[in-house]
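In TrEMBL this protein carries:
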BINDING   Gly65, Ser66, Gly67, Lys68, Gly69, Thr70, Arg178, Gly221  ATP binding site
BINDING   Arg91, Arg112, Ile113, Val114, Gly139, Phe140, Pro141, Arg142, Arg182, Arg193  ribonucleoside 5'-phosphate binding site
BINDING   Asn146  CMP binding site
Amino acid sequence: MWRKVTSTSFSSLKSSLFFTRLHLQQASKHNAASASAVSRFATIAPLQEKDGRCPFITFVLGGPGSGKGTQCIKIVETFGFKHLSAGDLLRREMVSNSEYGSMILNTIKEGRIVPSEVTVKLILKEMESSDNHKFLIDGFPRSEENRIAFEKISGAEPDVVLFFDCPEDEMVKRVLSRNQGRIDDNIDTIKKRLKVFEALNLPVIDYYAKKGKVHRINAVGTVDEIFEQVKPVFKACEQKAFNRS
């Protein structure tokens, strides 16, 4: 179930507001308009039960080329989860005509990282609008700062964290195979992405591993062979997911 990591007490509220103000102050140094948009994204309430059931959430993590997107498709087909890709949500918002889309586009153009509060808001909005109560969040959190933002804003932790553990050489080979004719141009970029993943994402995995939430998947093999490792994770908690109250 969703585990509350912040209470509804006044002290908790002050802590959450302080966290939001801190990031708004940092954003305002770059662009006052962006800071205003971030403020509206950040001021949201934690997710609530719907139809008497709490949301069941899985974080899906792994480096570029680890195959997590492909496995998410199979999890959706087999276990009926709703798949939410943080990157896809940001890109979809960015090409929209909303003020938030403009803010995201300008942030990326300026070479800055989209504030965590924005990504969390987009994720929670999708969850709230869905009839499903089981969610795969793909590619988020990417850093400890992302993780803290999610927990503070949503007031919850994930039930399961899937980590697709894949050797760097294998990930590089897979990503290069998707970039037709552009191997020499992209190998350095891919390796940089992997270094960023290792520096930022692995602390998140370590944090949840200490809480007993991480299921490490050996991401080498065929799609079906890897999925055979994934299935027991969800079969073990399937009853909990379907019988929440």
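Please read every residue number as a count from 1 along the shown chain.
Glycine is treated like the rest: Cβ placed from N, Cα and C.
Worth saying up front: this structure is predicted, and the values here are computed from it rather than measured.
Shown here: features listed in TrEMBL, placed on the structure.
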residue	record	contacts (Cβ under 8 Å, 6+ apart)
Ser66	ATP binding site	Phe164, Asp165, Cys166, Met171, Ala219
Gly67	ATP binding site	Phe164, Cys166, Arg174, Ala219, Val223, Ile226
Lys68	ATP binding site	Val60, Leu61, Gly62, Asp138, Gly139, Leu162, Phe164, Ala219
Gly69	ATP binding site	Ser85, Asp138
Arg91	ribonucleoside 5'-phosphate binding site	none
Ile113	ribonucleoside 5'-phosphate binding site	Thr107
Pro141	ribonucleoside 5'-phosphate binding site	Phe59, Ser116, Arg147, Ala149, Phe150, Val204
Asn146	CMP binding site	Ser116, Thr119, Val120, Phe140, Val204
Arg178	ATP binding site	none
Gly221	ATP binding site	none
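Sequence-distant neighbours of Thr70 (ATP binding site) (same chain, 6+ apart, CB under 8 A from its CB) are Val223. Cβ neighbours of Gly65 (ATP binding site) (same chain, under 8 Å, six or more residues apart in sequence): Cys166, Glu170, Met171, Val172, Lys173, Arg174, Val175, Ile190.
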